[in-house]
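Working notes, beginning with the structure itself.
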Amino acid sequence: MNPYILATLLFGLGLGTTITFASSHWLLAWMGLEMNTLAIMPLMAQHHHPRAVEASTKYFLTQAAAAATLLFASTTNAWLTGQWEIQQISHPLPAALITLALALKIGLAPLHAWLPEVLQGLDLTTGLLLSTWQKLAPFALLLQIHPSNTTLLIMLGLSSTLIGGWGGLNQTQLRKILAYSSIAHLGWMILILQFAPSLTLLSLLVYLTMTLSAFLTLKLSKATTINMLATTWTKAPTLAAFTPLILLSLGGLPPLTGFMPKWLILQELTKQDLAPTATLAALTALLSLYFYLRLSYAMTLTTAPNNLPGITPWRFFSSQLTFPLAISTTMTIMLLPLTPTITALLTP
């Protein structure tokens, strides 16, 4: 892709998110989300592969449906209450519709079916953008409207953690596994949104760090399936030793960084007299942990086939910068001792 066009698309992506962040009017927020969608579409279809075009089409249709629902809900709210302010959603009907529209935008279960299919059709760099940057604007709106329908949020959260864990069990494609991982993490964030928005923000930041680390690792080793992970050891032995820690951190295993948001969310749910919800969420985390353990096993305890096609990839080393990977990996593994400091900074 022409670097000028790429710069323009990335600028549009950033501008769309910034407009949504800064807006207090529903039309401006909707415009920012639309700019986001239109800016990432050429990045998704840039390789002109039928699978990439299919993924782009599916993404466009789902995002257009979500944006139309959002616009309809905000117009309904303006009709019922006479104002367009994002933080003044007082009527339960538009509040529920807006929550569902934003859930479709980020891929919460049961509105999740598009996410694994779309992510599977993209290259790892665009997949990283879709899994991280594209979640920021809808979450900014969710944090602003502060939905009051606790039952809806808990149902969305629990179904996402359950489906995110269950859906990843039978996958061999790494991008689909990361998509289901994304669904599960989003479920944890939505569970706590009503009770402690600062914890949702903390979970989102930790998720972004861990996902960045996971995608950069796969990009460096050029792995797209579980079997291809076995060649990582020969290419980058140090990275292969640290990758299981990244994966287990994604699963939320102590003493790694990923345990921090889960620990605080379970604690807050228990304080809110939602012990059964906390128990079910903790049990669904075991499903996710199982497929992360599968990936760790494939990477560290299996060897690649010794025929020529298996050896060939080892001779080509990636030109990718390793500094961002080093920083994100360190944060993914070692932030847990800083939990008191981080929570103090996030507490208003």
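Heads up, the Cβ atoms here are built off N, Cα and C, so glycines get one too.
Among the ranges 22-41, 202-221, the one that TrEMBL lists as transmembrane segment is 202-221. Residues 198-199, 201-202, 206, 209-210, 212-213, 216-217, 220, 239, 242, 245-246, 249-250, 254-260, 263-264 of the same chain sit 6 or more residues outside the transmembrane segment (323-346) yet have a Cβ under 8 Å from a Cβ within it. Within the model, the domain 'NADH dehydrogenase subunit 2 C-terminal' (289-342) shows a mean pLDDT value of 77, rounded to a whole number.
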